[in-house]
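Engineer: Provided herewith is a single structure, encoded as structure tokens, for subsequent inquiry.
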Amino acid sequence: MAAILLPQRFRGEAPVTEKTTPSWASKRLTPIAQFLSRLACSHPIHTVVVVAVLASTSYVGLLQESLFNTDVESATLGKADWSTLVEGSRVLRAGPETAWNWKAVEQDVVADAGSDADHLALLTLVFPDSLSAESSSTAPRSHHVPIPQNLSITSLPSTENPFTAYSQDSILAYALPYSEGPEFLAAAQEIPNEDAVEIETKHGREKKTWIMKAAKVNTRNSVVQWVSNAWSEFLDLLKNAETLDIVIMLLGYIAMHLTFVSLFLSMRKMGSKFWLGICTLFSSVFAFLFGLVVTTKLGVPISVILLSEGLPFLVVTIGFEKNIVLTRAVMSHAIEHRRIQAQNSKSGKRSPERSTQNMIQYAVQAAIKEKGFEIIRDYAIEIVILVIGAASGVQGGLQQFCFLAAWTLFFDFILLFTFYTAILSIKLEINRIKRHVDMRMALEDDGVSRRVAENVAKGDDELNRVRGDAPLFGRKSSSIPKFKVLMILGFIFVNIVNICSIPFRNPSSMSTIRTWASSLGGVIAPLSVDPFKVASNGLDAILATAKSNNRPTLVTVLTPIKYELEYPSIHYALGSAASNPAYNDAFHHHFQGYGVGGRMVGGILKSLEDPVLSKWIVIALALSVALNGYLFNVARWGIKDPNVPEHNIDRNELARAQQFNDTGSATLPLGEYVPPTPMRTQPSTPAITDDEAEGLHMTKARPANLPNRSNEELEKLLSEKRVREMTDEEVISLSMRGKIPGYALEKTLGDFTRAVKIRRSIIARNKATTDITHSLDRSKLPYENYNWERVFGACCENVIGYMPLPVGVAGPLVIDGQSYFIPMATTEGVLVASASRGCKAINSGGGAITVLTADGMTRGPCVAFETLERAGAAKLWLDSEAGQDMMKKAFNSTSRFARLQSMKTALAGTNLYIRFKTTTGDAMGMNMISKGVEHALSVMANDGGFDDMQIISVSGNYCTDKKAAALNWIDGRGKGVVAEAIIPGEVVRSVLKSDVDSLVELNVAKNLIGSAMAGSVGGFNAHAANIVAAIFLATGQDPAQVVESANCITIMKNLNGALQISVSMPSLEVGTLGGGTILEPQGAMLDILGVRGSHPTNPGDNARRLARIIGAAVLAGELSLCSALAAGHLVRAHMQHNRSAAPSRSTTPAPPMTPVSLAMTSAQERSASTTSMSAAAIQRSKR
């Protein structure tokens, strides 16, 4: 119970528990967070803009009103006056009551001290860099300091600190009555320098003197000067700080930066390399600004020193765990929503909860429902602890810092569920556009036309989008840069407006704020000094004098006074030039003639003189440049692999699925009634081409019963691009007369289905083939109710219909711990049933294990040279490191996905064959790699010094594509996969109706020896091509590549009484993007395997997963067929499943003969029949 009160970051990883009923507090608080996030997600851009405007106004207000006041009153702070020095002083008392030891007392005790104690002021004058050997100046001696005759001043021994050796400062210390301090300070603002040389300046002849730094006039606050002052103040802090404090602060800042690094690493794991981490920091900074504004408005004093000391520990303690937890939950639910939406779209079902919410809304709401209460609870616990600290009464800045931190956490809570959830919404929408663009570009790289690629990508968007889910930016990649440019310009505009409005704000209205600012405890007030570090030797001398006089003494140790060696005419003044009325009059008079615009320009120029304002503007411009650079490089993201199973395999579910797909079961087991699945609405047909957008309002075709127009009228309509108004017969007439090319019917008509119908009639009436094609237009080859839009320009030309092919599913098959149904398109009976039997046996042994051994598509061009010498030089260059680098660079520049792995060269006379091997993402990649090869060869000829090279063919059969070749068997092509399963002996006997030894012997005799006798290349298997071809047809792969993809060797072993079977396929050529996979039926089959399209995080993973699935399916097919051969069931199974009658016995009288079959007797039967063997055979068997 106590652990629940700790914030999540201190509780570690919570154990996985079952879902519990939400508590009362969760039911009350979670809806509040969901309401805030719902508003932010509904209007993310508005939310980001409003928060950015408020944050910009807040920090500009803080800069003007608190930190960098330029009016007369604030100009006096930090100047050479006594009151400013006293603010950072410390008072010590020594006397008999303190046993003559120094004891710190409060300022209010000084007034009550009375006349029984001497009150002294101890001043320390610091002359920087005067001890350095390279310095041309030396510090003044104590008697050179101008001291009025009426003052009683005592010189004291100076005190060095640990940093004196680094800073090379000279120090003078003085003690004088406290009442005489202001007069001495006024007299010591300028100290002569005896070593200075008098020179001529524009103010006359003068020489450098030591000028009190606090009395110096800054005529121009340059950035360099600001940095120099900041460094000097930092060194002063180090001089007055304890060593332990320095170490603690250093560790605190290191830990804070490690927290930042941890934030970016965590966001990187969730797919955001930079921007989610930056937005998290922005959210926290905005919360800090809002908290600082509220804290200062309530009159709580906050100093810069306090912030610098406390912020690192606040960042380390609170961290960014809440943002990380929320981000992880949102991204995970977004992927879950996409997967479930895809499943519902395929089945026609719709989740009632998700039907009214788009993906972004659902992901955010589900994440807050899951993690919202934990986040709110952590915020509440942390705020309560800080409130206790603010009310504790502990001095030293703890109260003020806790007060500020509590308000910061409160605003961080508000911004987490508003600003940050809006950022997450925008991120999810950018990811959607990225998926759309990546899929389109991958299809274009694979040779698909832009129109078809855009339609396929758009279809994928629609699959994952519910009705009414409008895109935030649109579907164009250019929408993202436009949005970001507008956001950046808007943010810069707000800052410019805020800065420009500063000169127009009424100074008198700030008087109350000035009064409040003076009570701020000194946002710019000096830090209290450590008296013993500043003047320990001087205190010892004063204490010795007090003891000798036996008189109590009060000593006020003032802040060290720093000097600079400068010309008096430039740096010494009675007042600040910024506060000088003459200066202001001259400044405003210069712009007075320009009216309001002049005052605005003057205000801007004056504001830009402030080093911090100019620094913020430079940072804003740098961020703008960085953001614009990011517009064209949105990082990929990913939370979890969709191919990873979400739960362990349920044996009962697996058994029921196997029984449903088992051919031995004639009926289904009775159970609960399941309503029929409604059909998903198909895309409307006809579809319209992109260049015929006006076809959405197509004119109806002319009724067929009207008389045909004349040829002149038809040709006029054709020239006016009004072909769609013609009847089918008129279009046929024009086409048969050669006026409309057959390939252009779809584009001309703007109606794909009508174009296919007319083409059928044209082919049926073609005189050259009419004798055999006359029935085509009335044939049973279907052509209607098909989405021809995806076929046109991508898959097939001169379309006359589509060929329905039966598709069955084998399985389920457990592959690498996940169950799959294997889709197979085939007309061969028993094939699916046989594969299902193999799946059942493999599942009984724990499933199949697969290993991916290679991934690289190849293309082997042929180039020729005039002489063998040149051909050999080209081969040596290609094999060298320089040649490899140049060719890789050229090849990789042609695609975002194709990456050249290696090149293998072979020389045949003067012909040089180069085998390029590359990865191609999730596409099979033949077109992608061909484009890369062309460009690489061009670079080789032009830049590699082989301009005499002649390209014979981009494909020189050295690939080798769609042909049996030993090269593919040895070096591989596409994906290399090895699948293995171990089948218990009992399963072999009960399911496969055979035994382990018989299967092993059959495999050796048939698949190994038999294939070797036939001189096979890669054909050491029973029927791998059967399974590969069926899956290829079902999933939209290239059927011609079955030739090399079916290369397989099947190996079986007896492993401790169990059957160990494996298949090795070194040249499996598959893809999940492009080609036939863009067709909806084939895409649906990839959907049931979970590998459709490109992988969201790792391009190529889907294609590799499909290769593993095919390898495991081939394993099941090999196991089942070999078992049927070993048991003699092959012919009987074909006869049963093909519904063919068994052959009758011949009526010819003949002795009964053993039928010729493929059955094999078992080893035991063969050993039992040795009595019938000849003596020679028996003798050979004993050897």
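Think of each number as a place in line: the chain as shown, counted from 1.
Yeah, the Cβs are placed from backbone N, Cα and C, and that goes for glycine too.
Here's the feature list from Swiss-Prot:
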type: ACT_SITE; residues: GLU828; note: active site, charge relay system
type: ACT_SITE; residues: LYS962; note: active site, charge relay system
type: ACT_SITE; residues: ASP1038; note: active site, charge relay system
type: ACT_SITE; residues: HIS1134; note: active site, proton donor
type: BINDING; residues: SER895, ARG896, PHE897, ASP922, ALA923, MET924, GLY925, MET926, ASN927, MET928, ILE929, SER930, ASN1138, ARG1139; note: NADP(+) binding site
type: COMPBIAS; residues: 1139-1148; note: compositional bias 'Low complexity'
type: COMPBIAS; residues: 1167-1177; note: compositional bias 'Low complexity'
type: DOMAIN; residues: 245-426; note: domain 'SSD'
type: REGION; residues: 1136-1183; note: region 'Disordered'
type: TOPO_DOM; residues: 1-245; note: topological domain 'Cytoplasmic'
type: TOPO_DOM; residues: 267-273; note: topological domain 'Lumenal'
type: TOPO_DOM; residues: 295-299; note: topological domain 'Cytoplasmic'
type: TOPO_DOM; residues: 321-378; note: topological domain 'Lumenal'
type: TOPO_DOM; residues: 424-482; note: topological domain 'Lumenal'
type: TOPO_DOM; residues: 504-1183; note: topological domain 'Cytoplasmic'
Engineer: Can you tell which of the active-site residues GLU828, LYS962, ASP1038 lies nearest to SER895 (NADP(+) binding site) in space, using Cα positions?
Structural biologist: ASP1038
Engineer: Taking the Cβ of LYS962 (active site, charge relay system) as the centre, how many other Cβ atoms fall within a 10 Å radius?
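Structural biologist: The answer is 18 other Cβ atoms.
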Engineer: Three states by DSSP: which one describes ASN927 (NADP(+) binding site)?
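Structural biologist: Reduced to three states, the DSSP call for ASN927 (NADP(+) binding site) is helix.
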Engineer: Please count the residues of the topological domain 'Lumenal' (267-273) that DSSP assigns to helix (H, G, I), strand (E, B) and coil.
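Structural biologist: Helix, strand and coil residues of the topological domain 'Lumenal' (267-273) number 3 helix, 0 strand, 4 coil.
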Engineer: What Cα-Cα separation, expressed in whole Å, is found between GLU828 (active site, charge relay system) and ASN927 (NADP(+) binding site)?
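Structural biologist: For GLU828 (active site, charge relay system) versus ASN927 (NADP(+) binding site), the Cα atoms are 32 Å apart.
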Engineer: If you count Cβ atoms within 10 Å of the Cβ of ASN927 (NADP(+) binding site), leaving out that atom itself, what do you get?
Structural biologist: 18
Engineer: Please give the average pLDDT for the topological domain 'Lumenal' (424-482) in this predicted model.
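Structural biologist: Result for the topological domain 'Lumenal' (424-482): average pLDDT 65.
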Engineer: For ASP1038 (active site, charge relay system) and LYS962 (active site, charge relay system), what Cα-Cα distance in Å is obtained after rounding to a whole number?
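Structural biologist: ASP1038 (active site, charge relay system) and LYS962 (active site, charge relay system) have their Cα atoms 10 Å apart.
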Engineer: Pop the Cα-Cα gap between LYS962 (active site, charge relay system) and ALA923 (NADP(+) binding site) into the table, whole Å please.
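Structural biologist: ALA923 (NADP(+) binding site) to LYS962 (active site, charge relay system), Cα-Cα distance: 17 Å.
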Engineer: Suppose we draw a 10 Å sphere around the Cβ of ILE929 (NADP(+) binding site). How many other Cβ atoms does it contain, all chains included?
Structural biologist: 30
Engineer: Count the residues of the topological domain 'Cytoplasmic' (295-299) that DSSP assigns to helix (H, G, I), to strand (E, B) and to coil, and report the three numbers in that order.
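Structural biologist: Each residue of the topological domain 'Cytoplasmic' (295-299) counted once, the result is 3 helix, 0 strand, 2 coil.
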Engineer: Tell me, by DSSP, whether PHE897 (NADP(+) binding site) is helix, strand or coil?
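Structural biologist: The residue in question, PHE897 (NADP(+) binding site), is coil (DSSP, three-state).
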Engineer: Which one of these recorded positions has the most other Cβ atoms within 10 Å of its own Cβ: GLU828, SER895, PHE897, GLY925?
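Structural biologist: That would be GLY925, with the highest Cβ count within 10 Å.
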Engineer: Suppose we draw a 10 Å sphere around the Cβ of ALA923 (NADP(+) binding site). How many other Cβ atoms does it contain, all chains included?
Structural biologist: 30
